[in-house]
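Below is one structure, written out as structure tokens, with a few remarks after it.
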Amino acid sequence: MTASVALGMPAVPARLAPRRASRQIRVGSVAVGGDAPVSVQSMTTTLTADVDATLQQIAQLTASGCQIVRVACPSQDDADALPQIARKSKIPVIADIHFQPKYVFAAIDAGCAAVRVNPGNIKRFDDKVKEIAKAAADAGIPIRIGVNAGSLDQRLLKKYGRATPEALVESALWECSLFEEHGFRDIKISVKHNDPVVMVDAYRQLAAQCDYPLHLGVTEAGPVFQGTIKSAVAFGALLADGIGDTIRVSLSAPPVEEVKVGIQILESLNLRQRRLEIVSCPSCGRAQVDVYKLADQVLAGLDGMEVPLRVAVMGCVVNGPGEAREADLGVASGNGKGQIFVKGEVIKTVPESKIVETLIEEAMKIAEQMQADGTPSGEPDVTVL
Ligand code: SF4
């Protein structure tokens, strides 16, 4: 069982496609676009005017790995809260502004790292673009042109009949052109739609027509299960083609969940160093242990581990030894026992009741060794200016 065999598995490519060449902008301490790592962002759900609650949620998001946070600014009370939030947040804060240009200036003055405006709701902005561009340029902060299918410019709705990919792209590029007229190109763009197929098409068209960095999002993606699948499918298609510079998963769930999903998507595509990865089989009629329970228990025991450890939990000897051997650590179960593999070698065979504790014990040893050897963790690469 311990003999080394060639498994003929293809090597996982480091990247699926070269990254699209985009301009690089800076959202506070986080570079977006160019060769900067794809960043993960989210949005608070608190009343922005409630400074304590908002800062508390930002702290939770920061702890979960969120790199950029957006806060809504629909009222003067929210605008008044921005200076304190921008100053105290450990990650860059973007003010999300619709309808009222005065809040754009307030956000810039407050020290926000960027401002998001929506061309569909920007009617009252259009005659202020020159002033906005100047204020943003003077402060050195970028603007996100955030097009959303649900609030598409009426002119384009009439022209296209609905929020088609072409309509979303035209709306974004039109708004960009208004800023470009004033020499302002410190811009990133999003063209969000709730249908991943429309969204992917829109971003592909946009990517071909400009070099601005792109913020990916499937808008109103739904509750956790549906939203996760939609976002993973859409982001996966785009990121695999090298399109996308920062991502926001939109879920009808606490924003920390969005960050977890976003990070997992990047790790799955090798766009970020993987952390703990459980390779577990789906089980079948050959399984000689309860694979679901085993995998859940191992995951629970190792949750939060930052080193890129791959643990294989396999139900029988069909694929078990092969997968267990390929992982850093693994178990191939059978006949009430588990063969424990470390770095491709069987180190011991334990009774089924000892499989979980043995795997956790061995995982801790390997993790310690990895940390001592300086193995990179899954922490995002954030440049602090
Ligand atoms: S490893 Fe064994 S139990 Fe698991 S799915 Fe494959 S054949 Fe079935």
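Every residue, even glycine, has its Cβ placed from backbone N, Cα and C.
According to TrEMBL, the protein carries these features:
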DOMAIN    22-262  domain 'IspG TIM-barrel'
DOMAIN    277-363  domain 'IspG C-terminal'
BINDING   Cys281, Cys284, Cys316, Glu323  [4Fe-4S] cluster binding site
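Checked against ligand 1, the binding-site residues Cys284, Cys316, Glu323 give Cys284, Cys316 as the ones with a Cβ under 6 Å from it, listed in sequence order. Break the domain 'IspG C-terminal' (277-363) down by DSSP state and the numbers are 31 helix, 28 strand, 28 coil. For Glu323 ([4Fe-4S] cluster binding site), the Cβ neighbour count at a 10 Å cut-off comes to 22, with all displayed protein chains included.
Residue density at Cys316 ([4Fe-4S] cluster binding site): 20 other Cβ atoms are found within 10 A of its Cβ, drawing on all protein chains shown.
With every protein chain in view, the residue among the binding-site residues Cys281, Cys284 whose Cβ has the most Cβ partners within 10 Å turns out to be Cys281. Per-residue pLDDT, averaged over the domain 'IspG TIM-barrel' (22-262), rounds to 94.
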